[in-house]
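The domain 'G-protein coupled receptors family 1 profile' annotation in TrEMBL covers 41-290. Taken from TrEMBL, the feature transmembrane segment covers 25-49, 61-86, 92-120, 132-156, 197-225, 237-261, 273-292.
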Amino acid sequence: MNNSEKSTVTEFVLLGFPGGQEMQIFLFSLFFGVYILTMMGNGTIVCAVRWDQRLHTPMYILLGNFAFLEIWYITSTVPSMLANILSETKTISFAGCFLQFYFFTSLGTTETYLLCVMAYDRYLAICRPLHYPTIVTLQLCYILMFLCWVFGFLSYSVSTVQLSQLSFCGPNIIDHFVCDIDPLMSLSCAPAPNTEIVFYILSSLIILLTLLYILGSYTLLLIAVLKVPSAAGRQKAFSTCGSHLTVVCLFFGALLAMYFSPTSDNPAELQKIITLFYSVVTPFLNPLIYSLRNKEMKAALKKVLR
């Protein structure tokens, strides 16, 4: 008898956030408002890049793709969270739980890859300005975006299948608002250290390697910018990179806090807060960060909104 045949759990219970009815209504209103604003903000950036000919450059096409990704990333968690808050049973099906886990992790992984490509674009634009137009063509830009999505969704496909094949005999209560690796592994009634080790090694490699690449790119970029003789030139260079670096710090900061600290040091409530930060707050802040620090983007957004 294999693991899947020994599983008796057909659904899981996502406890979500504690509190009485008034607190649940407040949380529903808060997250619903954040979700709508995030969809509108990122959707407006996508439309601005699509419709404004001045933004048909690699940097803005990457930004438009990033905003499109953020729409799907927040959609992988918030709608089910809102339904869970209103639900009395707070259940999610066995298949639905692992599908959510797969899309949640895959979209987050795609974001790390795309942030690397955006760092590569800024590095070439500032450190190799004469070669930039010939190296970073629109064709290369589309190829890199395609590869980010493909490898993002391939990275955890095997781990998700392995996780779903574990035996779950009960209990089926997950003290979280999303199906994630730690609560699912704790519910398995048969130890599976290999599955957990493979997942964490893969996660560690993806997070560390992409972060090191981005930091390396920005270190070289910073050295090049400091060599620019004019203050106006340095300010322009920093303005084009400041937004991206801010997003990198917010997103990777939360990931490092979540995956590079012992589970015992992360109680359930803290895990929820950290997960909320990189899965909900960061997509919400991205349109503000990019639009407030970029004159061309602000002009294009005004054009779209009119």
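For all residues, glycine too, the Cβ spot is worked out from N, Cα and C.
Counting residues 6+ beyond its ends, the transmembrane segment (197-225) has Cβ neighbours under 8 Å at 109, 112-113, 115-116, 119-120, 122-123, 126-127, 155-156, 159, 162-163, 181, 234, 237-238, 241, 245, 248, 252, 255-256, 259-260 in the same chain.
Here the transmembrane segment (25-49) has long-range neighbours at 17, 19, 55-56, 60-61, 63-64, 67-68, 70-71, 74, 78-79, 81-82, 85-86, 280-281, 283-284, 286-288, 290-291, 297, 300-301, 303-305, meaning same-chain residues at least 6 beyond its ends whose C-beta is under 8 angstroms from one of its own.
Under 8 Å from some Cβ of the transmembrane segment (273-292) lie the Cβ atoms of residues 31, 34-35, 37-38, 41-42, 44-45, 63, 66-67, 70-71, 73-74, 76-78, 104, 108, 176-178, 180, 243, 246-247, 250-251, 254-255, 257-258, 266, 298, 301, all in the same chain and six or more residues away from its ends. For the transmembrane segment (237-261), the list of distant contacts is 59, 108, 111-112, 115, 118-119, 122, 125-126, 200, 203-204, 207, 211, 214, 218, 221, 225, 228, 271, 274-275, 277-278, 281-282, 285-286, 289-290, 293-294: same-chain residues at least six beyond its ends, Cβ to Cβ under 8 Å.
The average pLDDT computed for the domain 'G-protein coupled receptors family 1 profile' (41-290) is 88.
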